[in-house]
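Step one of this worksheet: look at the structure below.
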Amino acid sequence: MAPQEQAVSQVMEKQSNNNNSDVIFRSKLPDIYIPNHLSLHDYIFQNISEFATKPCLINGPTGHVYTYSDVHVISRQIAANFHKLGVNQNDVVMLLLPNCPEFVLSFLAASFRGATATAANPFFTPAEIAKQAKASNTKLIITEARYVDKIKPLQNDDGVVIVCIDDNESVPIPEGCLRFTELTQSTTEASEVIDSVEISPDDVVALPYSSGTTGLPKGVMLTHKGLVTSVAQQVDGENPNLYFHSDDVILCVLPMFHIYALNSIMLCGLRVGAAILIMPKFEINLLLELIQRCKVTVAPMVPPIVLAIAKSSETEKYDLSSIRVVKSGAAPLGKELEDAVNAKFPNAKLGQGYGMTEAGPVLAMSLGFAKEPFPVKSGACGTVVRNAEMKIVDPDTGDSLSRNQPGEICIRGHQIMKGYLNNPAATAETIDKDGWLHTGDIGLIDDDDELFIVDRLKELIKYKGFQVAPAELEALLIGHPDITDVAVVAMKEEAAGEVPVAFVVKSKDSELSEDDVKQFVSKQVVFYKRINKVFFTESIPKAPSGKILRKDLRAKLANGL
């Protein structure tokens, strides 16, 4: 009997340790065996003998192809050279890179070494990069020569080793930096060094930064066990939830420094032996050309890219018929956009997933992507992944809710984070004593087990899928001598989804202008954190506790102020 025929609605009333009765939601797909005792790299390359000579990484702009054997060998060589450079087990390597094959090779090398990879947006300001590097105790940074000026103080003051991936001899490598090609050189003790590394499933392999439900960016500790579990939940089993296979060509235009691309494109693609087509940034004509030339079959996207494609007349010039899956994440996709995408990609299944960095990151995924698919509804962001539990709770009482009742989404399973780095208080606020991770998102599960996102409790602003923490911008703004109080909230915007706007209380007799405020922030942050609008106000609404009442400010925006 096929897995789909065996599958039944696996919602059940379950006795919890401390709750009289929790309504637990599970996947329609049966649980599977997950070998999460393996290190991440051993799991990823477990079946390499089946596709050693197949394309693994395709550099979109250059066309250069790395086979699976190439990637395996080079990653191990880099790991051995990490060891030579003094990177020890559990040390942190920062990847300050756009999408490129070197990102993948370096991430895997960190895993082989028993080190931890943290990734940062190369467009971050020097202060933003330094904050993450110091908080994570980064020992080595892999980047491009053009970004070295931003991180020179880390080299000079903290002894951080800098490696540049530029392989063109015409590009001079800044003084004191190493070339990436030096790390890829074979070393006689490579196998001995790497094979002697003993990795615990609970060791941290990835350290993405996330603001969580509130506050400033924090290091999210994702373990070997957690990432193996998350990837397996998606692509393993006789009827995988996300059906990737070794003949697929998977587009990777979403930033690899974001957990969505790192996990659901890079790691999932590697696990099944697919070819991963890497684009350093979104350029619609190049993207369409590469889809046609490389016969891309899977196109993971975020709503702003979906919107750009939906509105573009350029699509008519290209053959996009090879695409069988369009997967959207990072923010809900509306019905109009769904219809537009279906028109542009006539042979593609369109569906959504729902994730959060702290959850590993995937909580739910469309069962329309399964090898033996289930019917799905427009607007749903999937069904809870297998080998995990989900519940919906009343945000005020914490009581478990049943179907069709909106509440806070909670997830439990081996895939969730170990915790926030050096922040037990924030960890305890996010993961309760029974192991449930509280997302800060409001959703409901309907009669067909499909999850719908209704609202957001958390303060986070999502600009084209990027996280913007209001608290981070407020901390900057309150440092301005002419600002006495401030609150930052999200405002809806078609192209970006959401943009940050500031409500500002000026000091008495100040002549502070909107442009003054915008420029003050823009000099200190990456482009997507810039303030879009400034509203001057007499006071900021606050609860008796002093907490900003953001919902009141969002209501003002919704009512046109």
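The backbone N, Cα and C atoms fix where each Cβ goes, and this holds for glycine too.
What Swiss-Prot says about this protein:
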- Ser210, Ser211, Gly212, Thr213, Thr214, Lys218, Gln352, Gly353, Thr357, Asp441, Arg456, Lys547: ATP binding site (BINDING)
- Tyr260, Ser264, Ala330, Gln352, Gly353, Thr357, Met365, Lys458, Lys462: (E)-4-coumaroyl-AMP binding site (BINDING)
- Lys281, Lys464, Gly465: CoA binding site (BINDING)
- 283-352: region 'SBD1' (REGION)
- 353-420: region 'SBD2' (REGION)
Mind checking how the region 'SBD2' (353-420) divides into helix, strand and coil residues in DSSP? 6 helix, 24 strand, 38 coil
Summed over the region 'SBD1' (283-352), the DSSP helix, strand and coil counts are 34 helix, 12 strand, 24 coil
Looking at the binding-site residues Ser210, Lys281, Lys464, Gly465, whose Cα is closest in space to that of Tyr260 ((E)-4-coumaroyl-AMP binding site)? Gly465
By a 10 Å Cβ neighbour count, the lowest-scoring of the binding-site residues Lys281, Lys462, Lys464 is Lys281
Take the C-alpha atoms of Lys462 ((E)-4-coumaroyl-AMP binding site) and Thr357 (ATP binding site) and report the distance between them in angstrom, rounded. 13
Find the shortest Cα-Cα separation between Ser210 (ATP binding site) and the binding-site residues Gly353, Met365, Lys464, Gly465, and name the residue that gives it. Gly465
If you measure from the CA of Met365 ((E)-4-coumaroyl-AMP binding site) out to 10 Å, which binding-site residues from the list Gly212, Lys281, Gln352 are inside that radius? Gln352
For the recorded CoA site formed by Lys281, Lys464, Gly465, name the remaining residues of the chain with Cβ within 8 Å of the site's Cβ center, in chain order. Leu254, Pro255, Phe282, Val302, Pro304, Ile305, Phe466, Tyr528
Three-state secondary structure, which DSSP defines for Lys462 ((E)-4-coumaroyl-AMP binding site): strand
DSSP three-state assignment for Tyr260 ((E)-4-coumaroyl-AMP binding site): helix
Counting distance between Cα atoms, which of the binding-site residues Lys281, Lys464, Gly465 is nearest Thr357 (ATP binding site)? Gly465
Rank aside, I only need the closest one: which of the binding-site residues Gly212, Lys281, Lys464, Gly465 has its C-alpha nearest to that of Gly353 ((E)-4-coumaroyl-AMP binding site)? Gly465
Say you check the Cα of Gly212 (ATP binding site) against those of the binding-site residues Lys281, Lys464, Gly465; which is nearest? Gly465
Going by DSSP, give the three-state secondary structure for Lys281 (CoA binding site). coil
Drop a 10 Å sphere on every Cβ of the binding-site residues Gln352, Thr357 and tell me which sphere holds the fewest other Cβ atoms. Thr357
Cβ density check for Gly353 ((E)-4-coumaroyl-AMP binding site), other Cβ within 10 Å (all protein chains) comes to 24
